[in-house]
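Chemist: Below: one structure in structure tokens.
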């Protein structure tokens, strides 16, 4: 969800020392010895962030047991050998048109990066019309969101010089010692996801160390009676305090936010090298797993998951259900958690199957014109609209269908294709051939925005994300054809002198630009388009799952402890 943004209070820049990750591990081990058995609830902020520095002895007269365990080391080379395909693919023979289109998308990425580097390097996003940077307030004092979001895309596209520019910024200028309110959700999917993905792709320790250090700073957000992060999921990493966004329904927690942590925190826990329940990052994984326990205990109306939950009582606050904004990535992370576990996380698979069954029964509808869509549900009353964000679901359902039981497989394949086709219609029915933020199915209007406030397009990726998955899983040429239509529309209506900009009304030409090159345009939109015109072994779905910011995380084929 996009929020009004204003710059946070300035923080004095203090760059993290290269030795910080080692000191962090020492602090965590000390805290573990002091803590004894794992507590049932998350420790308080002082325990998590500041208390670990204390060297005080436990109350017992006996000295703490010496930690004789061998130091953990993640065996990166063994991990790379376990991959079934080269990260960038084998580049077998391909037709010239496909290669030319892929190279065009690569040029768009270079253009977006070069302008960000020239006018906004170190800021979170580029304002391409005014040729300056934007900071915003979702990331607290953190900077460089576009750098972190772009890293893996630059690497996959073999933009070597540009990747080194981004890496150098991370090494020399990415400051984690900052204050300010930061969204746990956004920091997790963009910063943690981007750093983890780039580590797994390159083996460069700086990315792993930054991810671990930042992950530990986010833990105070879990300090609630239920362990569910509060609505808006805001925390100040240094002070250990947390707040709620004003729009977050009276302090309630949002399904898509607290349900979109599992992939990244599992990898943080594994890379930290610390045994479960002994130290902060491993404890954080148990806190993330606790979210499932809370959700499994609470009664689901009609089997559906409402979007708002009280972090105090663990009960639903409102009965609003959406596969778009506020709900979307919760469902995505269920099926992807199962896939990332090499199909061992049966709890996630069952939760996904049960949720999709309820969605099929209560929310999937067909319009008078024959378009399949997923409606929203408000206390039993259907709202016949889909948001652009909900268009990811075609790809998700197609991905899940490949692993469904026989009786569901064909039905889910058809459902995925129909939803993706509906989202394509939302693009083709606009003057710019780009889709609106939301579209409705009302008398006389189908797959079109009917409200002025829903006509904008902010370079979102969800439609091309589904094109990519449907192409990979079916190889039907129409998905590449549809993807190329998007490339042409982006070039015609969103490309400006100094980057790419969203537009305010997809039904009006010439386009009125919003002066914002979103970081997810580089992380997701251009990456999915590039993969759409790549061979299947480039970031193969046999080796990788994409987090909800399109950062690839590896499937756990084996144990990589050295």
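In case you wondered, yes, glycine gets a Cβ from its N, Cα and C as well.
Curation plays no part in TrEMBL annotations; they are all automatic predictions.
In case it helps, TrEMBL gives these features for our protein:
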| type | residues | note |
| --- | --- | --- |
| COMPBIAS | 1-21 | compositional bias 'Low complexity' |
| REGION | 1-70 | region 'Disordered' |
| COMPBIAS | 31-65 | compositional bias 'Low complexity' |
| ACT_SITE | 186 | active site, proton donor |
| ACT_SITE | 328 | active site |
| DISULFID | 391-423 | disulfide bond |
| ACT_SITE | 437 | active site, proton donor |
| ACT_SITE | 462 | active site |
| BINDING | 548 | Ca(2+) binding site |
Chemist: Only counting partners 6 or more residues apart, tell me which same-chain residues put their Cβ under 8 Å from the Cβ of residue 391 (disulfide bond).
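Modeler: The list for residue 391 (disulfide bond) reads 419, 420, 423, 426, 435, 462, 463, 465, 466, given in order along the sequence.
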Chemist: Determine, to the nearest whole angstrom, how far the Cα atom of residue 328 (active site) is from the Cα atom of residue 548 (Ca(2+) binding site).
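Modeler: Given the Cα positions, residue 328 (active site) is 9 Å from residue 548 (Ca(2+) binding site).
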Chemist: Any idea what the Cα distance is from residue 548 (Ca(2+) binding site) over to residue 186 (active site, proton donor), rounded to a whole Å?
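Modeler: With the alpha carbons as reference points, the distance is 10 Å.
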Chemist: Starting from the Cβ of residue 186 (active site, proton donor), draw a 10 Å sphere and report how many other Cβ atoms land inside it.
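Modeler: I get 23 for this one.
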Chemist: What's the most sparsely packed of the active-site residues 437, 462, counting other C-beta atoms within 10 A?
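Modeler: Output over active-site residues 437, 462: least Cβ neighbours within 10 Å is 437.
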Chemist: Taking only the Cα atoms, work out how far residue 437 (active site, proton donor) lies from residue 186 (active site, proton donor), in Å, as a whole number.
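Modeler: Residue 186 (active site, proton donor) has its Cα 19 Å from the Cα of residue 437 (active site, proton donor).
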Chemist: Tell me which of the recorded positions 328, 423, 548 sits in the most Cβ-dense spot, judged by other Cβ atoms within 10 Å.
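Modeler: Answer by Cβ density within 10 Å: 423.
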